Every structure is written in structure tokens, then in C-alpha cells.
Amino acid sequence: MIYDYGYDVIVVGGGHAGVEAASASARIGAKTLLLTHNIDTIGQMSCNPAIGGIGKGHLVKEIDAMGGVMAKAIDMAGIQFRILNSRKGPAVRATRAQADRLLYKKAINSLINNQENLDIFQDSVDDLVVENNTVCGAITKTGITFRAKKVVLTVGTFLGGKIHIGKVSNAGGRAGDQPSNALAARLRSLPFRVDRLKTGTPPRIDRRSVDFSVMEVQHGDNPTPYFSFFSKGKIEHPRQIPCYITYTNNETHKIITDNLDKSAMYSGLIEGIGPRYCPSIEDKVVRFADKERHQIFVEPEGLNSIELYPNGLSTSLPFEVQCNYIRSIKGFEKAFIMRPGYAIEYDFFDPRDLKPTLETKHIKNLYFAGQINGTTGYEEAGAQGLVASINAAISIDSDKSWYPTRADSYIGVLIDDLITKGTKEPYRMFTSRAEYRLILREDNADLRLSNKACELGLLSKEDQQHFISKKNAIIENIAMMKNTWIGPQTQKARDLEKFLDKKMTRESTLFDLLKRPEIDYSKLQQISELNLNLQDDAVIEQIEISAKYSGYIERQNKDIEKTATFEQKAIPTDFNYSQVKGLSNEVLQKLTEQKPTTLGEASRIPGITPAAISLLTIYMKKTGFIK
């Protein structure tokens, strides 16, 4: 049966990538269908009940700046908020929020259920309609064909998913859900490179069986921060509660090492590579054998939930071993496990087979986003879903495209890393992956991206107005401060000197004075003659950062300008690299396989030398591809 409602975009999968994808194309105005195997699991947090963290928080802020739903949802559902690295510079500060799982899912559903241009249908997808190497729709398990101009696959860990607990394995996309084996087989029949990855989750513990009195208490920040640029004054956080910290010990490690042969990871049952930066407890004990203990964050799953998430204890050991090592940990001596931990192995597709828009190079109008591309984490998935669906929507009746770059966002860093380098292990975002960290801060994500969001129609009118007002206030106040002078031996100077190490000897602007480490905006406000009445903390923060880091920011902007021309030099998709004399066989093979879209992208492919890029540039200039 063909169910033709004239859809522009079909999104397959209702996880974090799928939700952002479906919401984005619908906001742009594309008629969108979200296909999910179970409507009740839309927006479900399959693993840890948290959003954000180092690098990840930056992605959430950028998704929010583009009108996405993740930040607003966690503001509605967060039960503990913290700014990580708060004592360090603004480039590496990151927001992290503990979530109430049920409230988060409720918030996500509230946001997408009220989204115009979006339909939701429950059925798993078994096949794609592909004609002349172009996707035209999807076929469900019950035999319904949905036709559309674009298809975005956001299928998470469901492709050929296999769950492992010790030496017991069973098919599953996650605990309690069937895998998408038919769709996995269909995708394997297409000309994509495919491999296996592994991730895992810890056992869940009944909080009533835990002794919190012997653990360290970890409170959230006060005042409680917001994740979304648009939430303050509109969304009220739920009640805030603490998390706790405990540690493994020598007994824990002995139990684990004595039973390594029973672990699915170490017995050879699992072929896929696990996440380097979120290893199982077995991996930690083996790889860091010199460590006497490992930190465990004991995280509540919700305000009214009795389940705890022991972050740091992901495992594929048998259930009885899980019980033993859990009860060896301080505070967990009488712990009751409500759900066993497990590892899950699944198919992923080499992201080097994608364009920067996340459209596949081999099948036109088909986009991949999320764990199918080898990433790990809700935030990385959401970011990809956003970009994939933006491009699906804006290219329906034209050849338009938009994708972020390494110079304007962490989303750009994420996508560029994936499509140029690929990945052999689940990819996680860190601030260290970005060259321009001082410019790509959490606090200015809206200033970097919301102009484009307005242009694409991704922001609501209310959010657009909020952004424009904030941006104008920053511009106007910085201009005013650059044009307001204080001379020495004036009353203003005398009032100011109580904050300075030494007396003023020359005339300075307020902006230059703000560059001094001992001066901040609040001190300038104490000089009544200046009439500085600004009360918006977000605007003040941008003014202070612009002043105090002006030299570094200017330097990074110059670096970006130097590389911008190079980045924008497009390489035709049908470019014949064999015509370029002097390229080695290795370089020729890599360029031909990956088909980079720009010279900048080509330069970041592992094994492509500066000399090869020079030869390519010279040839492209000589033949008229570059002017």
C-alpha cells in the first residue's frame, strides 16, 4: 500500500537525532513525517540521564541557537545544573544538566507534538525505495510505502543491534526493543562501507538499597543556569536535587579481573570497538591497572524515580558478577540491581561516504545522522540530525545547501572530522578538537549561528526578536564604551582608581579599561557619572569577554581569514584527480575514494600532504577551476 501524503522529508527514528531532524525540516516549512517503531519512546534517554558536558554542552547551545529543541527540553526537565570548568577561561566552560528521564521525554513530546508541518507514524522501517540511485521513500514492516523527496536515517544502535550480558547474547536495538535487521541488510546491499561499533550501559540500582551517608554529595550551581538562550523568564526548572560520588576499590578490581573471561568484550563475543572516552569498567580496570580507584557518579534518574544511574560502571559482565562488584563499592554494600548493565553492538556506516550536508555520496537525497555515522552521545546525534534535515528541507526545490564550518561551530568541527577522517571508534566531542576554541564558546553560540537560523526560518518570531534585541544591545554598548573616554585627574578617574593598582596616567576608553584584569563591568557601574545601567547578565558577559580577550579573538579571526579562501575553493564532484601530475598513488586513491568538496576538506584527509594540495591547487588554477 502506498501512503502518499506528499511528504517532503521522511525522518526514520525518534531518538535525539530524529527529533532534531524532524523538528528542523518542519520549522523550515517542509512537510515532514517522523517514522518510529514506537511513539512512546520518542525522546527517550537510552543511556545516561544527562545532557551536556565538556564539548557536548557547546553542541547543545549551538543546536539551540539554530532553533533546536534539546536545550529547551532539558531546561524543562533538568534536576541539577552545573557549569563545568567555571574557574577556567570562557572557551572551556561547559554546562551539564542531570535530567529527569520522564520529564525530558514529556518535554520533547510537548515540543514536537505542537510543531506545524510534522506528522508522526508508528511502524518500523524495513526498506528504502531507491530508483536510479535516488531515494524516493521508505517501506515499513507492515508493507506501507511512504514516498518523499528526501529521507533522513537516524536509527541509532538499532541496525543489526545485538545485546550482550556476559556470554548471553540476544538481538536488540536497546533493552526491550527489537533491532532493525531488515533495514540493516538493505543498507548493506547499497554501496556503503559498513563496520561494527559497541557501546554499553551500567546496571540500574534501587536507591532505597543505597547508603548515601557514606558518599560525597555533589550539589548543583546556585543560581541555577539555563541551557537555552531563550528559556530565562519563560521556563521554570523542576526542583533541584543533589548527585553523589563514590569510588571503586581494590576488591572491586579483583572481582572484575578474576572474571574478565566472562565479559563479552574480553571473551571475543563482541567485534565492535567501544568508546575510548566512556570505557566499560572492565576496560578501565585493565587499561589503568595502576589506579587504586575509579570515580563513580551516582545519578538519580528522576524526582520520583527509585532508580539510580551509577555513571562509570558500564559493563558487559554476567549479572552475578555485576552484583558482586557493585556490592564491593562503598555505599552499595546492600545494593539491589533493578536492570542489569549490558553492551550493545551495532552497524555504523563510514561517514567518509557523506557530503558536508550529511547527504550520502552514493544515494541521492538520502541523509545519515547520529550513531549510524559512528558518533556517541545525545548531543552529537542531535547536532547531526539538525544539519541533515536543514539540508534536506532547503534543497527540495533548489540546489541550496548549508553546513557549518570548523571556524563557526563545534557542529562544523564534528561533521568535518567525520567526513574527512572517518572514525574507528565511537566519536565524542571535546573542546580540544577545535582549533578556534576562544571564538567557539558556549556563551556566544547564538551570536555565531542565530543569524543563519533567522535566514533559514528556524527560529520562532519570539526567539528571533529575543536574539536581535540581545545582539543589538551588545553592539550598541560596545560602541558606546569604545567612544567613552576617561582622562587622568578627573573625578571619574579618581572614582576608578580605587579599583586600580596604580593611578591613571593617560586617557582611556571604558572598553580599554575593561581589558584590565582588576576591572569588570560591575565596578564601572559604581561610578555614577558613567550612567552604566545595563542589567542583562548575558549582554554584560559578552561585553566583558570581547574586551578582556580582544587580542586573542582578533588573532584567531585573522587565522580564520587566512584559511577562509582556501576552505571555499570548491572541487567538482566529478573531478578527475588522475589528471594532476605528481600525486602519489596513495594520495590519488584517497582523493578519488573520498571526493572532498573543497580544498580545505581535502587538506584534512589523513595522508594528504601539503605538497599534494599545492599540486592540486596549481592544476585547478591552470585549468580554470579556481580563479
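Cβ atoms here come from the backbone N, Cα and C positions, even for glycine.
From the candidate list Q322, Q371, Q464, the residue Swiss-Prot records in the FAD site shared with G13, G14, G15, H16, A17, G18, V125, S180 is Q371. Comparing the Cα of Q371 (FAD binding site) with the Cα of every entry in G274, R276, C278, these being the binding-site residues, the smallest distance points to G274. If you take the Cα of C278 (NAD(+) binding site) and the Cα of A17 (FAD binding site), they are about 20 angstrom apart, rounded to a whole number. Summarising the environment of Q371 (FAD binding site), the number of other Cβ atoms within 10 Å of its Cβ, over all protein chains shown, is 29. Around A17 (FAD binding site), the C-beta neighbours below 8 angstroms that are at least 6 residues distant in the chain are T154, G156, A369, G370, Q371, A381, G382, Q384, G385, A388. You'll find the Cα of V125 (FAD binding site) roughly 42 Å from the Cα of F288 (NAD(+) binding site).
Comparing Cβ neighbour counts within 10 Å across the binding-site residues R276, K284, the minimum falls on R276. A Cα-Cα distance of 23 Å separates R276 (NAD(+) binding site) from G15 (FAD binding site). In the three-state DSSP assignment, the secondary structure recorded for V286 (NAD(+) binding site) is helix. The binding residues for FAD are recorded as G13, G14, G15, H16, A17, G18, V125, S180, Q371; their greatest pairwise CA distance is 18 Å.
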